[in-house]
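Below is one structure, written out as structure tokens; the observations come after it.
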Amino acid sequence: MLLQTENCGFSDPGVLEWSVAPSSVPKPPVTEPTLPPAGSPTLKVLHLSDIHWDPEYLEGSNAACGDPLCCRASSGEVVNVTDAAGYWGDRRGCDLPWRTVEKAVAHMAQQHPDTAYIIWTGDLTPHDTWSTDKDENLMIIDRLMTLIQQYFPTVPVYPTLGNHESHPVNTFAPPEITDVEFNTAWLYDEADRQWARWLPADVSSSVRYGGYYTALAQPGLRIVSMNMNYCYIFNYWTYYKSQDPASILTWLSQVLEDAELAGEKVHILSHIPPGNLDCWTIFSREFAKIINRFESTVAAQFYGHTHNDEYKIFYDLEELTRPVNVAFVAPSLTTSSDNPGYRIYTVDGQRPGSTWAVLDHSSWIMNLTVANAQDPSIDPVWFELYQAKRDYALTDLSPRSMDAFYQQLVTDDAVFQMYFEHYYKKSEERLEKGCDIDCRTKLLCFIVTTDPLDQSRCQNIRQLLNQHPEF
């Protein structure tokens, strides 16, 4: 699994190879989505991801300690004054202090009082992977949930679990592991208790079973929150049970089938994007099959985990060039390597025949360099980095339009450079380093890869880029 993209075969295909039974209901004819009439109602949706609050963050501590997480009292001596951690955060492998988290959420509430609901795609705890603590994780979850409720008291929130919420980090045991020393029941029970602030009571059983749920956000719009930590190759429980852990993909297929029969559209949200190099390839492949079958029901997908501002396209499994779905991947709030950011979506709203599609999105950031250079009494300034339709000259954000945009990214250097700036939230160190052909291939490859073992589109990208040495 760890070497799944290195042309390593399965030593025991009978154990590692598996599939999910396809829906018994025939796929309905696919119709091309249409834009809503002018003046149609819309929803504003806030997407928050990868906060990574560090309770031990210390201004002035060593930000260049060489550990997976710095900017703590335990990070060693500050040798050069330039190595001192900033007041509001630091991009050199440091997570967020509480003041930055609170100011960010306060800004969101003030800037977006018309938020219809919040998508929260996990990773609340810091990157101290060598010293995680169950009680501290639970404390962080409670503090952050309470903070969001404080600033958005009447706004529904749809959360999901990140790989950092567990202890030890990344470990999500399948439900059949009942030994309290090893299972994940403590986290799922706490998630159910915390999420009850916003979710209906009938989700409790699936949350406690496998950390996933479904709920109606609006009449006609269903949220499906997946626990993609079951596909994470660094969740070593997947080596114990790789075949559809917690029956999550079987459950997803049934939920989508029920939604299709009920005439509902679905938004899928989770932490780890399927097709990522760190998502188990068989899981990603089976997930893509489900998306293909229910392309007319799944209106959009939303993820985090990468910390970058990006998106992913799913293609038809038979007509390989036909795009069928788009996954939107939100930037992180943490400053561990880049400026903090979040996303706002404009979604087709409540009306007869609503598509519930994402019509546009904007990304907001805070320039950490500027914030740290000011007097600490001055609050950081958040600003809109870009709007997708306006800045990328898109007519809409449909799969077809996003595929056309991807094609432009491959061949148009000016457009790619803009995407590159947004991808890293205009962080100075990233922009100074630039993006060579390997970097460019990686960024573009992510967009079109939904199965890590299928690198054919990535190979095509490399060939096309080699034809443009001026890049």
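Each Cβ is built from the backbone N, Cα and C atoms, and glycine gets one as well.
What TrEMBL says about this one:
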- 43-308: domain 'Calcineurin-like phosphoesterase' (DOMAIN)
- Asp50, His52, Asp123, His307: Zn(2+) 1 binding site (BINDING)
- Cys65-Cys70: disulfide bond (DISULFID)
- Cys71-Cys94: disulfide bond (DISULFID)
- Asp123, Asn163, His271, His305: Zn(2+) 2 binding site (BINDING)
- Cys231-Cys279: disulfide bond (DISULFID)
- 323-460: domain 'Sphingomyelin phosphodiesterase C-terminal' (DOMAIN)
- Cys435-Cys439: disulfide bond (DISULFID)
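Structure with TrEMBL features highlighted.
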residue : record                : DSSP (3 states)
Asp50   : Zn(2+) 1 binding site : coil
Cys65   : disulfide bond        : coil
Cys70   : disulfide bond        : coil
Cys94   : disulfide bond        : coil
Asp123  : Zn(2+) 1 binding site : coil
Asn163  : Zn(2+) 2 binding site : coil
His271  : Zn(2+) 2 binding site : coil
His307  : Zn(2+) 1 binding site : coil
Cys435  : disulfide bond        : coil
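Sequence-ordered, the extra residues of this chain that approach the Zn(2+) 2 site, with Cβ no more than 8 Å from the Cβ center of Asp123, Asn163, His271, His305, are Ser49, Asp50, Thr121, Gly122, Leu161, Gly162, His164, Met228, Asn229, Ile272, Gly304. Taking only the Cα positions, the spacing between His305 (Zn(2+) 2 binding site) and His52 (Zn(2+) 1 binding site) is 11 angstrom. The Cβ of Cys435 (disulfide bond) has Phe416, Gln417, Phe420, Leu443 as same-chain neighbours under 8 Å, each 6 or more residues away in sequence. Comparing Cα positions, Cys70 (disulfide bond) lies closest to His52 out of the binding-site residues His52, Asp123, His271. His52 (Zn(2+) 1 binding site) has a Cβ environment of 25 other Cβ atoms inside 10 Å. Closest to His307 (Zn(2+) 1 binding site) in space, going by CA atoms and restricting to the recorded positions Cys65, Cys71, Asn163, Cys231, Cys439, is Asn163.
Each residue in the domain 'Sphingomyelin phosphodiesterase C-terminal' (323-460) gets a DSSP state, and the totals come to 58 helix, 30 strand, 50 coil. Within the same chain, residues at least six positions away from Asn163 (Zn(2+) 2 binding site) with a Cβ under 8 Å of its Cβ are Gly122, Asp123, Val169, Asn170, Phe172, Asn229, Tyr232, Phe234, Asn235, His271, Ile272, His305. Between the CA atoms of Cys231 (disulfide bond) and Asp50 (Zn(2+) 1 binding site) there is a gap of 18 Å, rounded to the nearest whole number. For the pair formed by Cys94 (disulfide bond) and Asp50 (Zn(2+) 1 binding site), distance between Cα atoms is given as 13 Å, rounded to the nearest Å. Under DSSP, Cys279 (disulfide bond) is assigned to a strand (E or B) in the three-state scheme. The Cα atom of Cys439 (disulfide bond) lies nearest to that of Cys279, taking the recorded positions Asp50, His52, Cys65, Cys71, Cys279 as the candidates. Asp123 (Zn(2+) 1 binding site): 27 other CB atoms within 10 A of its CB, across all protein chains.
The average pLDDT computed over the domain 'Calcineurin-like phosphoesterase' (43-308) stands at 98. Rounded to a whole number, the C-alpha distance linking Asp50 (Zn(2+) 1 binding site) with Cys279 (disulfide bond) is 17 angstrom. Note on proximity: among Cys65, Cys71, Cys279, the disulfide-bonded residues of the record, the Cα nearest His52 (Zn(2+) 1 binding site) is that of Cys71.
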